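Contents: one structure, followed by commentary.
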């Protein structure tokens with residue numbers, strides 16, 4: 001295994017930058033520029049020197065001995081002053097060592113996976129934590145990073161292995177008198193796992209939305225005040241406003257952190273019958289995007305006909321209430337009236353949905369669990385048909401186990417790993 005190094009903190013000027021080495025020669029390489037290393041898992045200040053003996057910087061140095069490190073290998077970290085010049089010079093000094101090379105994107109984390117320090121779901125949790133912008137995203141990523149999904153998968157896997165073992169034992173002793181009927185226990189195990197997996201699958205949509213952001217479509221007729229409201233919510237001129245109906249033709253998006261929840265407001269084209277071909281295309285897009293959104297806010301009077309059928313949680317508000325003297329209900333993008341109440345209602349709706357979120361956070365997780373459910377359904381069907389179909393039951397159970405194992409990376413999937421790690425920076 002090569003020894004690799006990279007900048008482990010953000011690129012650019014900073015108070016402190018972290019440079020990480022990992023691999024069998026990490027300690028030897030580090031000693032060439034800092035002299036003696038501190039004891040494992042302890043820190044010490046060292047002077048870093050180039051090959052010609054010139055001083056590069058003073059650094060805080062930490063050393064970790066395998067397997068007690070992030071990667072499971074020997075690791076050394078240099079915490080240097082965050083000057084671009086200092087970082088570049090340290091990296092150049094490390095490059096001068098023939099036994100070390102610059103790490104590829106995500107290579108440190110990949111080594112942690114290969115050495116059993118993380119499972120695949122934890123790797124994805126780490127990536128999500130790095131990308132987290134809101135509190136809900138951070139909490140969700142931490143749950144996965146700390147191994148909660150992997151622990152749940154292991155419980156499912158253990159139960160299915162027990163069920164498969166019972167079936168296999170019955171097959172092996174088919175010609176002998178087996179005193180115990182395994183069907184009740186196997187049935188109970190399959191029902192337990194199937195129920196848990198279905199619950200987890202049901203929560204994946206919300207989990208994926210926490211990662212990408214809940215979408216809220218502003219829907220209404222032309223000149224209903226949608227763009228003005230969007231600009232008020234954004235605190236800037238995100239959309240063009242005009243007294244001319246049909247100004248908005250493309251869907252305009254504004255992302256926000258709403259009480260820790262990631263949301264995206266969509267300003268859609270005004271809905272009406274139009275002879276303008278370009279506007280008609282915009283209206284068709286608006287209807288499609290609004291129907292796909294997680295929530296719709298209809299800006300329309302109580303007697304107006306809606307071109308999109310509202311769903312249970314959708315919100316309907318009278319727009320431009322600033323033009324109706326004495327009105328206490330509705331909303332105004334111009335004055336801000338009704339906006340706090342709207343945001344609280346939206347936050348309440350999504351908070352209730354988030355309460356049902358599971359641990360599976362990626363589409364890959366959902367697809368793997370759906371495959372496992374199909375295999376479990378097939379195995380249960382074969383089980384009920386009697387002992388002569390136990391070989392099919394065992395085969396389907398093994399398929400279900402393999403599907404669940406892909407969640408945590410027990411099954412080799414080189415292309416999948418390449419895709420996941422390509423999203424990491426060099427220092428991870």
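Note that Cβ sites are derived from N, Cα and C of the backbone, with glycine treated the same way.
Taken verbatim from Swiss-Prot:
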BINDING   20, 77, 117, 428  (6S)-5-formyl-5,6,7,8-tetrahydrofolate binding site
DOMAIN    213-351  domain 'TrmE-type G'
BINDING   223, 242, 244, 247  K(+) binding site
BINDING   223-228, 242-248, 267-270  GTP binding site
BINDING   227, 248  Mg(2+) binding site
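Structure coloured by features recorded in Swiss-Prot.
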residue: 20; record: (6S)-5-formyl-5,6,7,8-tetrahydrofolate binding site; Cβ within 10 Å: 24
residue: 77; record: (6S)-5-formyl-5,6,7,8-tetrahydrofolate binding site; Cβ within 10 Å: 22
residue: 117; record: (6S)-5-formyl-5,6,7,8-tetrahydrofolate binding site; Cβ within 10 Å: 18
residue: 223; record: K(+) binding site; Cβ within 10 Å: 20
residue: 226; record: GTP binding site; Cβ within 10 Å: 29
residue: 227; record: Mg(2+) binding site; Cβ within 10 Å: 23
residue: 269; record: GTP binding site; Cβ within 10 Å: 27
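In the three-state DSSP scheme, residue 227 (Mg(2+) binding site) is classed as helix. For the domain 'TrmE-type G' (213-351), residue counts in helix, strand and coil come to 41 helix, 29 strand, 69 coil, using DSSP. Here the C-alpha separation of residue 117 ((6S)-5-formyl-5,6,7,8-tetrahydrofolate binding site) and residue 227 (Mg(2+) binding site) works out to 49 Å. The two recorded residues, residue 77 ((6S)-5-formyl-5,6,7,8-tetrahydrofolate binding site) and residue 226 (GTP binding site), have Cα atoms 52 Å apart. Mean model confidence of the domain 'TrmE-type G' (213-351) amounts to 80 (pLDDT, 0 to 100 scale). Secondary structure at residue 20 ((6S)-5-formyl-5,6,7,8-tetrahydrofolate binding site), taken from DSSP and collapsed to helix, strand or coil, is strand. The two recorded residues residue 269 (GTP binding site) and residue 20 ((6S)-5-formyl-5,6,7,8-tetrahydrofolate binding site) have their Cα atoms spaced 51 Å from each other.
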